[in-house]
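Below is one structure, written out as structure tokens; the observations come after it.
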């Protein structure tokens, strides 16, 4: 522990007015703080009151980021204790606006910035980061931030936000988390002309130049942090996302949250909704609007889960899933012009242009939106779903709220209160004919923190699809009868640390089972072990 002035400026150790009389003497803090001594609880109470006075969500976001830079323990205690209220502030939807304005609100650099200028020196750049024991890296290149498009270097808000959830919800220590933005330029004209833009002002590098930078980055990460560091790809554009995942999943511990995290959380909702819909997963028909990384990722995991449960081959179970993209239903006759990740979903059927006609022809029991385009589940589409199904399951997953395919209120009103509804961004409960209906939020934050913790606990060296299925089943198992009675297919976020510990245990068990674990021997009680690994934000006493 160093001198008092430095101590107050170190977010890892600073406790503000919570330093006791004894600590103030021992660490040269006398006179550097007002005489009052406040407990961490009282500090938290004051902050909650302050945050609630802000009318503008972005101001809340800035206040939270300032707190994180000042007093880490208090930041995480606040986030853990008020998770339902503060999750939309540090993550979707507010983080999207923060990224759009990142240049203007930029105060204090967080994470590492690796740009084209660092080519050939990436290993040195990683060594500039003060923490050595990194276990999770979240990295973006800012090309497809939520539904907001190319935000270049300003996408840093996403890895920073994700990692604060790794700590708050999954208990991964903040010192083990590293946010990284890879800046290869931006095609966003507005940013290129913005005098406050914080990235390099050039069009995006592509092709070989891009691939070489990423290759150097992935090699350096492994060299510096070893085989077991988890690299989570975040908000890369489709063409790069699929390629990076398939390329590096053979050599590194990698996970793409948009493809795999989304798929796992949606599959969990589908498994838990069977309690309300009846039948097995194999009895249902799924129709997607949107065939990008989220849509095809979810589709593949659904087909995989049905295949595991029924022993039917994957080629067969994929036929339960239909996708509509911007050109209409994906069918066999279009196969020549389809991107490779859409080809498995081209089934035998005549071409259909409009979503509503696809609903009429395919007669899905489940409608899933991953299009990134708002208001696409029109009244006619939703009413058609209601005419075909006693309880239509409608998942409007696009973020942020403005891009949601329909609102909770519309889904309930147009189905006369019969819909089971979940969305990507949060919606308030809706009262329909004196009954309170609570929409679910298919938020990746249910999955990735616990998933990452499970990989770290077991010392996993690769990610396998079976681990994603284990995470989905573990999350679905946490939904109680009381939740179902309100129409919920996800458990409330208030118990998220318990949920994460259960997911981590199931994921770790699968890692051991597949022989991909390096932390041996396997702990006997994995849930207990997961809880014991979790970071606690409570202040420590300094002697």
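Indices start at 1 and increase along the chain as displayed.
Cβ from N, Cα, C; glycine included.
No curator has checked TrEMBL annotations; they are predicted automatically.
According to TrEMBL, the protein has these features:
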ACT_SITE  91  active site, proton donor
ACT_SITE  162  active site, proton acceptor
BINDING   144, 399, 443  (S)-malate binding site
BINDING   234, 235, 258  divalent metal cation binding site
DOMAIN    68-249  domain 'Malic enzyme N-terminal'
DOMAIN    259-512  domain 'Malic enzyme NAD-binding'
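Other than 234, 235, 258, the residues of this chain whose Cβ falls within 8 Å of the Cβ centroid of the divalent metal cation site are, in sequence order, 140, 144, 145, 158, 233, 236, 241, 256, 257. Ranked by CA distance from residue 91 (active site, proton donor), the recorded positions 162, 235, 258, 399 have 162 at the top as the closest. Under 8 Å, Cβ to Cβ, and six or more positions away along its own chain, the residue listed as 'active site, proton acceptor' finds 91, 138, 179, 232, 234, 257, 448. Rounded to the nearest whole angstrom, the C-alpha distance between residue 258 (divalent metal cation binding site) and residue 144 ((S)-malate binding site) is 10. The closest partner of residue 235 (divalent metal cation binding site) among the binding-site residues, by CA position, is 144; the full candidate set was 144, 399, 443.
Same-chain residues at least 6 positions away in sequence with a Cβ under 8 Å from that of residue 443 ((S)-malate binding site) are, in sequence order, 87, 91, 92, 265, 424, 426, 490, 493. In this structure, the binding-site residues under consideration are 234, 258, and the one with the smallest number of other Cβ atoms within 10 Å of its Cβ is 258. Packing around residue 144 ((S)-malate binding site) is summarised by its Cβ count: 23 other Cβ atoms lie within 10 angstroms of its Cβ, all protein chains included. Taking a C-beta cut-off of under 8 Å and a sequence gap of six or more, residue 399 ((S)-malate binding site) has these contacts in its own chain: 92, 93, 96, 146, 147, 424, 425.
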